[in-house]
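Quick look at what Swiss-Prot lists:
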BINDING   112, 177, 192, 193, 210  alpha-D-glucose 1-phosphate binding site
């Protein structure tokens, strides 16, 4: 058996010995009213998915079938979604998605103090699965990544911990945890939101930003988490405390996202989005309606798995010059009825009704929206269940909109049922 085949067999074994932990307890306060009822990982995205589906699908498609989701803030919607949409795995052959709600499992009287504390409080559950490797993932980013390539890099380098990194312009890196590497991509410094991010060797105008994705050797992870838990000065966070404390002591290596990204057809720019603001959320959704979006949801070789509701096909009715049900340059999901209204450059989630003579332009409408007759919407996000009154105009007068709704710096208007009730 040649060396390449032996190495591949070792990776296949390693995938089965890997436990993925998805940190899904974040509130996502910068999304404002979109997270009033549910955590950020449970927020709908892309017409039919929830954000949590992306890291879970990456695990599934990469061959990692042992997944645990750590929840905390307003977890009911997230738990309900995973129970309905991710129950197809076969527990009898070691496949599962387990839900780990915050339970104060240690002697601390607080909930999770940070990302590292969330993992530390579940060490007993992790040890029960006896993993060789632990893959730690953020549950609130949109991207497609082959974790088997990340794991192969970790094993080949003999790392204690591997940090997945995406290169970004240096001027944009100040909002991220940044890593400084040597010529072999060994991490020599880890800096949380630095004012002057270090450049990449050979590319001084770019910086490595941590993606919040880590692979640890399990025994190494147990040791450093137990030590960190005793440190009263620590914030118990992987980016702020755990990784910086081990740089120079353990073998901490950077993994370039470009080496494991699942690319869209015809594109060589890695796609990774933190949709943590209203503007970023709108932009990432609206990008999907373009002819060749940066994120390919139509890739049958790397499907995004989710709960599939039983809904009828979308329907478009009425066809006269003044009353035509139509959509162009848009995504329209199952259960929608465009009844004599016009939809342009927009994304409609399931069960949205667009009534006659209305206009929807550059707008994201979450499930069960109803757009009244003669209403006009431009550059909006409508939260779940919004019912737009007949004749209401949003997105054309920013001063008036700001008095009634939240308007972002980029001019996106966030509309919610609670704000509509005050009109």
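Including glycine, each Cβ sits where the backbone N, Cα and C put it.
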Other C-beta atoms that fall within 10 angstroms of the C-beta of residue 112 (alpha-D-glucose 1-phosphate binding site): 23
Coarse DSSP state, helix versus strand versus coil, of residue 193 (alpha-D-glucose 1-phosphate binding site): coil
Which of 177, 193, all binding-site residues, has a Cβ with the fewest other Cβ atoms inside 10 Å: 193
